[in-house]
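Database features, via TrEMBL:
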- 1-23: signal peptide (SIGNAL)
- 3-389: domain 'Ammonium transporter AmtB-like' (DOMAIN)
- 74-94: transmembrane segment (TRANSMEM)
- 106-130: transmembrane segment (TRANSMEM)
- 136-157: transmembrane segment (TRANSMEM)
- 169-189: transmembrane segment (TRANSMEM)
- 201-225: transmembrane segment (TRANSMEM)
- 232-250: transmembrane segment (TRANSMEM)
- 256-277: transmembrane segment (TRANSMEM)
- 289-311: transmembrane segment (TRANSMEM)
- 342-363: transmembrane segment (TRANSMEM)
- 398-431: region 'Disordered' (REGION)
């Protein structure tokens, strides 16, 4: 699912979606689609044509955003943000969504959902010019993927009961390695948001790491206090919620505020995932496989709200089109910024609920959204004629009745008989 999404998003991005998100304005929330393929265009200086901001009297307050590198770099950089959004969303429907339905869903959701949020908040849409702060994607990426993921999980339906009862990580060491890569890569995620290696990028990278560290420690402490022991997976979850929480404000808050945001990121999503989820009948009915709603939607809206409180005026003037913006903590008109952040969150939530539902209902009329139980019993890898892990004993010989990857076969253990006394007993695990 992730591999397909990455490839499909890239092709759709250069064919139509980049300009829908960062091109000329078609509607206040949507850009005019078109190719991002021409050599002359890709080698020209980067520019976001809808970003010049004007005062009420018509005079220019903020010039067009023009990075000092070619459009090709800008197109690819923004593609990675779009791709990761759909990959995050996939975590909510993991283990039971029909791959054919997913193949239809990815381009449609990219066109009708992602590009709307990206243009509205980043590309020069109405929320951008209103002065809403989403420094590196707390709303565009994380709130969107969390809400859309929960919505998709509702329409696709739950996993089988046996899969839900016990779903441990396949390999904790690999999860830990992936977490390290994620933490390291997030510095480029947030540090690249200003489109330059400048002061704002520098503070964004530092704030990103501080918030992640604080959140990880907070989540771990809560695990120890509530469950009596720390958890590697819990620490990873805390790291992720910290990274998500700081993303909307990484370059506009002071470092002490990043610590406070980390404390909130390590506690509030922990509560919604570990406590509230088990008490809420609504959340219990919707099978969000990897808890994307908690780690991304909850942490994303939390970060956007706290940015509305802690956005520092001088840092805001460096990156926002509306000069004089400030968080509520700094008095003056700061309360307005908090209101803007909340309104933007409601827009993103509402749009993703509606657009995701419409897309999935339309797909459902043609393609089943969920794999049938008979296939899920075999495993979502095995139905493709593949095995995630093929475990063979020394000296074991291939036996089609035991080792076939046909969907009709079920996981088997080889009996110790005349055919395999010369070697170890083989086990084929089909996932």
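Every residue gets a Cβ built from N, Cα and C, even glycine.
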Same chain only, please: residues at least 6 beyond the ends of the transmembrane segment (136-157) with a C-beta under 8 Å from a C-beta of the stretch. Say none if there are none. 81, 84-86, 88-93, 96-97, 101, 105, 109, 113-114, 117-118, 121-122, 189-190, 192-193, 204, 244-245, 247-251, 285-289, 292-301, 303-304, 307, 344-345, 348-349, 352-353, 355-357, 360-361, 364, 369-370
Positions on the same chain near the transmembrane segment (74-94), where near means CB under 8 A and six or more residues out: 1-2, 5-6, 9-10, 13-14, 17-18, 21-22, 36, 42, 46, 67, 102, 106, 109-110, 114, 118, 137, 140-142, 144-146, 148-150, 152-153, 156, 189, 192, 195, 288-290, 292-293, 296
Looking at the stretches 201-225, 289-311, 342-363, which one shares the most CB pairs under 8 Å with the transmembrane segment (106-130)? 342-363
Using Cβ atoms and a strict cutoff of less than 8 Å, what residues sit near the transmembrane segment (342-363) while being 6 or more residues removed from its termini? 101, 104-105, 108-109, 112-113, 116-117, 120-121, 127, 132, 134, 139-140, 143-144, 147-148, 151-152, 155-156, 301, 304-305, 308, 369
